[in-house]
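Annotated features, as they stand in TrEMBL:
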- 44-303: domain 'G-protein coupled receptors family 1 profile' (DOMAIN)
- 31-58: transmembrane segment (TRANSMEM)
- 70-91: transmembrane segment (TRANSMEM)
- 103-124: transmembrane segment (TRANSMEM)
- 145-168: transmembrane segment (TRANSMEM)
- 188-213: transmembrane segment (TRANSMEM)
- 252-273: transmembrane segment (TRANSMEM)
- 285-306: transmembrane segment (TRANSMEM)
Amino acid sequence: MNSTLDGNQSHPFCLLAFGYLETINFCLLEVVIIVFLTVLIISGNIIVIFVFHCAPLLNHHTTSYFIQTMAYADLLVGISCLVPSLSLLHYPLPVEESLTCQIFGFVVSVLKSVSMASLACISIDRYIAITKPLTYNMLVTPWRLRLCIFLIWVYSTLVFLPSFFHWGKPGYHGDVFQWCAKSWHTDPYFTLFIVMMLYAPAALIVCFTYFNIFRICQQHTKEISKRQARFSSQSGDTGEVQACPDKRYAMVLFRITSVFYILWLPYIIYFLLESSTGNSNRFASFLTTWLAISNSFCNCVIYSLSNSVFRRGLKRLSGAMCTSCASQTTAKDPYTVRSKGPLNGCHV
């Protein structure tokens with residue numbers, strides 16, 4: 001899939017080679033998929049970052065620290081994807097192909113590890129908020145959150161750093177380059193190391209915390225309903241049972257976590273199978289890898305569908321952009337009569 005030709009072949013190296021036309025000298029399907037995902041990831045995460053700045057209510061939860069960290073990490077994933085996109089379109093690489101694909105694979109692996117670790121920290125944060133509400137503000141402070149985010153970046157870097165010391169391939173992100181696909185192989189011991197140090201602990205933490213969060217919320221709801229039933233029988237008033245206030249927000253975060261692992265599960269399964277058996281499939285590696293990378297765009301969609309505060313922030317952002325565009329148009333045309341009505345419609 002690299003822009004350079006493979007030996008005596010007349011066609012470039014492509015993982016998804018389905019009989020391209022003779023007139024096409026680049027990997028058409030790969031270019032379309034990667035460029036499309038790159039645009040979605042960059043634009044989606046820029047929107048998330050700006051909405052968090054436009055909606056102060058989103059920053060009231062301490063989890064906003066981790067969500068914004070994920071947004072910045074996913075934005076860097078999208079920017080990193082410009083490297084294979086430009087390579088596929090025959091732009092010259094700044095360094096040799098082997099080093100480029102190693103750096104690209106390492107960077108994307110670290111960035112996705114940051115997202116995975118951030119999701120685990122979000123679940124821990126919500127677990128502490130529900131199990132220890134009285135001491136939560138003392139335990140979870142802004143300084144400790146910043147320290148935790150710093151440690152996430154350091155830990156993620158250290159987990160994948162051995163890939164530069166011939167431990168093995170950290171993933172298939174660099175397989176868009178021919179050297180990575182043919183000469184850089186996975187190692188079962190390094191794969192086991194990554195699973196034990198990252199994938200397994202993060203998944204276990206998420207399962208444990210959210211299981212207990214929803215169990216506690218269900219118990220609280222039952223207790224409240226019993227008390228309201230007892231009070232209504234005495235006073236004759238009937239009222240609606242209010243659910244656990246943290247359950248709705250935890251459900252939004254659980255959706256984000258679930259989508260993340262659903263999209264990453266095929267990649268992890270294939271990674272384990274290839275490392276253990278030694279059998280590889282270029283189509284499967286490409287499909288599972290870029291399916292996992294597509295998760296970097298999903299958070300924007302999930303927030304838009306699930307979080308009313310985020311939707312209001314998105315409307316506020318679009319209103320601000322609309323007002324800015326209108327003011328620039330008015331400034332360029334001094335003869336335009338300013339109207340009091342239409343411009344106000346841009347403010348939401």
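Placement of Cβ uses the backbone N, Cα and C atoms for every residue, glycine included.
Note on the transmembrane segment (70-91): residues 1-3, 25-27, 30-31, 34-35, 37-38, 40-42, 44-46, 48-49, 52, 100, 104, 107-108, 111-112, 114-115, 118-119, 176-177, 293, 296-297, 299 of its chain, located 6 or more positions outside it, place their CB under 8 angstroms from a CB of the stretch.
In the predicted model, residues of the domain 'G-protein coupled receptors family 1 profile' (44-303) average a pLDDT of 84. Ranked by number of Cβ pairs under 8 Å to the transmembrane segment (31-58), the listed stretches 103-124, 145-168, 188-213, 252-273, 285-306 are led by 285-306.
Ranking 103-124, 145-168, 252-273 by CB pairs under 8 A with the transmembrane segment (188-213) puts 103-124 at the top. Long-range Cβ contacts of the transmembrane segment (145-168) within its own chain (Cβ-Cβ under 8 Å, at least 6 residues beyond either end) map to 62, 65-66, 69, 102, 105-106, 109-111, 113-114, 117-118, 121, 185-187, 189-191, 193-194, 197-198, 275. Sequence-distant contacts of the transmembrane segment (252-273) (same chain, six or more residues past either end, CB-CB distance under 8 Å): 63, 112, 115-116, 119, 122-123, 126, 171-172, 186, 191, 195, 199, 203, 206, 210, 279, 284-285, 287-289, 291-292, 294-295, 298-299, 302-303, 306-307.
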